[in-house]
Amino acid sequence: MNTPIAIIGSGMAGLSAAHALTAAGLCVQLFDKSRGSGGRMSSKRSEVGDLDLGAQYFTARDRHFVDIVQQWQENGWLAEWKPALYQSQGGQLNLSPDTQLRYTGVPRMSALTRNLLGELPATFACRITEVFRGEQHWHLVDAAGQSHGPFSKVIVAVPAPQASVLLSAAPKLAASVASVVMEPVWAVVLAFAKPLDTPVEGCFVQDSPLDWLARNRSKPGRASRPDSWVLHASSAWSRQHIDLPPEAVIEQLRCAFAELIGCAVPEADFSLAHRWLYARPAHAHQWGALADADLGLYVCGDWCLSGRVEGAWLSGQEAARRLLEHREHNS
Ligand code: FAD
Ligand code: NAI
């Protein structure tokens, strides 16, 4: 049996790389610090149903991604989401229909990544703190001090600020990754026992602390009650209010929501706030993936490309492609 490849991070990028490598007959072992897979595409279970706190939907523009999205749709892992879309600018709320295809996991965003995880070997609740190379193989150390290995190669598939500290074996690679800035986003959920009296189901927002809001029950497969909403603050507002207590974030974003939605907004019957420290790259890159191929260390993630779900998938594919190419040249 071949020595497995370690993949740190089981978000879309890590899962994409894992699929490409297992399809080529290689063994992988995934590690994630969270209790489950999905990363920024994960969903939170709550008393008001499953909530997509991170990625809300995704689009597919690259030909290969379009093909795989079609397969996932045929498998029943995702569906098209066709919200009544609005935009709010300068306090004016206007219908903003378009013909863009948008997809979401059903019945929650994390259903997609959970299906992609399938039977792949994975260790959860395991934060990797060190990645080092012995004479022949790679080894990982987790936050509890436990060692994992040996591995033939390592793919680091986590947000850039979390990746750079794992790359001390390849200082040049670490320096490139450390140059990537990622922006935070505060996400708030508000749920109302009595549905709000508005036709809005999704809204792109400008000139407000918010930059996006979505009505959960408009997404495919979600229960219709209570009427829960996900609000995302802009990165600028989130950065300025990064250490605000969650209750204060909820109150400020609730006020911003009430101001723009154009109907009465009572006190929410349920609310929560979640802070994403590394939500999106400040700038898009065209790296595909980064690597020190001779060493056997690869890095991927949405921040290597567009900072979107599609970018994460493409980056994972690129890391796997480069690994397989190098392996072939050296065999
Ligand atoms: P991640 O999903 O972040 O996966 C990285 C994984 O690595 C995580 O599971 C994490 O737990 C794990 N990890 C990190 N460090 C370690 C460590 N040391 N040891 C072990 N595990 C570790 N994209 C869209 O296309 N459409 C949207 O509408 C959209 N909205 C978004 C809204 C928000 C609020 C956020 C936060 C993101 C949004 N995105 C959206 C972006 C999208 O979610 C990401 O592009 C994509 O999910 C990134 O996948 P990834 O695999 O690169 O990283
Ligand atoms: P998309 O094509 O739906 O949207 C891209 C951007 O175009 C939107 O952000 C919006 O500004 C604008 N737009 C699109 N349709 C519009 C309409 N009908 N009316 C008004 N404006 C419209 O999706 P794409 O390119 O796949 O981007 C994914 C989404 O994920 C974007 O909304 C992006 O902002 C969001 N995202 C959010 C992150 C976060 O941390 N909050 C991180 C990464 C992506």
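Backbone N, Cα and C atoms are what each Cβ position is placed from, and that goes for glycine too.
Because the structure is a prediction, the values reported are computed rather than measured.
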Residue in ARG280, ARG308, ARG321, ARG322 which TrEMBL records at the substrate site where TYR57, PHE58, THR59, ALA60, ARG61, SER96, PRO97, ASP98 also bind: ARG308
Residue from ASP50, ASP302 that TrEMBL also lists as binding FAD with ALA13, ASP32, LYS33, ARG40, GLN56, TYR57, ILE128, VAL309: ASP302
Recorded substrate site residues TYR57, PHE58, THR59, ALA60, ARG61, SER96, PRO97, ASP98, ARG308, farthest C-alpha pair in Å: 22
Using Cα positions only, nearest of the binding-site residues to ARG61 (substrate binding site) (ALA13, LYS33, ILE128, VAL309): VAL309
Largest CA-to-CA spread of FAD binders ALA13, ASP32, LYS33, ARG40, GLN56, TYR57, ILE128, ASP302, VAL309, angstrom: 29
Fewest other C-beta atoms within 10 angstroms, as judged across LYS33, ARG61, ARG308, which are the binding-site residues: ARG61
Most Cβ neighbours inside 10 Å, all chains, among the binding-site residues ILE128, VAL309: VAL309
For GLN56 (FAD binding site), the three-state class that DSSP assigns: coil
Contacting binding-site residues, sequence order - ALA13, GLN56, THR59 vs ligand 1, Cβ under 6 Å: ALA13, GLN56
